[in-house]
């Protein structure tokens, strides 16, 4: 299995994420983080919400894979507990997660993904990545009946 987290960000909270990356390997899952912040995104965010969203879509579109499970983290999307999250990931070999910038996703981009919300609360990119990585590890623990998830 391969899970890739793509985000509009300049850097990742590496130390804690590295722990989850290592733990996921025991389930034969490669957990990768890819931070994207093209030059046009910084400029677009200064101009308008619409241009910012378009720049996010342009950054992410090359990574949308019709053969993979594509999941966009979106605050108004479906949410559930860790068991529901594990069911969503089960039986998929390649899973791409997308975390937009401050202005969120364009509706057109969301049509190409399953949307999922981690919480009703708003998180910084750093916290969202940590929570997502932990939940990926927890989902794998549920799928493989590992005692981490009790």
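Including glycine, each Cβ sits where the backbone N, Cα and C put it.
Since the structure is predicted, the reported quantities are computational estimates derived from the model, not experimental observations.
What Swiss-Prot says about this protein:
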type	residues	note
BINDING	100, 118, 119, 120, 121, 122, 123	S-adenosyl-L-methionine binding site
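This view paints the features noted in Swiss-Prot onto the structure.
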residue : record                               : Cβ within 10 Å
100     : S-adenosyl-L-methionine binding site : 23
118     : S-adenosyl-L-methionine binding site : 18
119     : S-adenosyl-L-methionine binding site : 12
120     : S-adenosyl-L-methionine binding site : 8
121     : S-adenosyl-L-methionine binding site : 8
122     : S-adenosyl-L-methionine binding site : 8
123     : S-adenosyl-L-methionine binding site : 16
Message = With the S-adenosyl-L-methionine site defined by the record as 100, 118, 119, 120, 121, 122, 123, how many Å span the farthest pair of C-alpha atoms?
response = 16
Key: Assigned element (helix, strand, coil) containing residue 120 (S-adenosyl-L-methionine binding site), judged by DSSP   = coil
Task = Look up residue 100 (S-adenosyl-L-methionine binding site) in the DSSP assignment and reduce it to helix, strand or coil.
result = coil
